[in-house]
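This is the structure I have questions about; it appears just below.
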Amino acid sequence: MAASRWLRAVLLFLCASDLLLLPPPNAYAADTPGEATPPPRKKKDIRDYNDADMARLLEQWEKDDDIEEGDLPEHKRPSAPIDFSKLDPGKPESILKMTKKGKTLMMFVTVSGNPTEKETEEITSLWQGSLFNANYDVQRFIVGSDRAIFMLRDGSYAWEIKDFLVSQDRCAEVTLEGQMYPGKGGGSKEKNKTKPEKAKKKEGDPKPRASKEDNRAGSRREDL
C-alpha cells in the first residue's frame, strides 16, 4: 500500500512538472513570421482626439443612432416626391421649382452703376433685409465690386426671389441656373445701343435742308 501511494505521488509530480514546462499556447504562433498577433490597442485619451478621431466617432454614433432627415447632410437626404398634377407644361419654371425643393441653390446678382464693393455690400444688404422680412431664408456673399451671391436653403423659392431682385432699381442682372435675367437697373446697355440710331438721324438732317434751297431757287426763277 505504501509503495502504491509513493508511485501515485511520483506520477502526479511528473505530470505537474510536464505541464509547467509546456510553452504558452501563443508561443509557436509568435515564432512564425507574418502570423504574430498584434498587441492589444491602447485606448486613446479623449483629450488627445484630433479631427479625424472625432469624425470616426461621429460616424460610429450615426450608425448606431437613428438620425432625422433634417439633420442628415443634403446629399444623403431623400428627394422630395414630385406632384406632377401641379406642374404646368406651359411654365418650365414650375418644373424647376419642384425639382429644387429642399435643395441648396445659389444665384448671382449684379449691381448696376459701377459701384464699389462697399456700395454693393450696402445695396445687397437692403435686399437681403427685405427678403428676410418676407420670411425668405437667404444668405449673401460679396464676390466682386458689383457682384454678390444669394444662397437659398430651399431652391424652390429661387424664382420668387429672382422676380423681386430684377424689380429693384439698382439690379442690373440675375443669373439663375445658367439663365440670365435682366434687371430694372440694366437699361444702360440698351441706351448705348440706341445712340448710333440717333447719330444716323443726325446724318440724315442735311436732306431737308437741300429741299429748302431747291424751293428758294425755284421761287427766284418765278420772279425772273
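Easy rule for this one: first residue shown is 1, then count along the chain.
Glycine is treated like the rest: Cβ placed from N, Cα and C.
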Please identify the range among 77-80, 85-88, 177-180, 221-224 that Swiss-Prot labels motif 'Prevents secretion from ER'.
221-224
Kindly state the mean pLDDT of the region 'Chaperone domain' (1-155) in the predicted structure.
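Looking only at the region 'Chaperone domain' (1-155), pLDDT averages out to 72.
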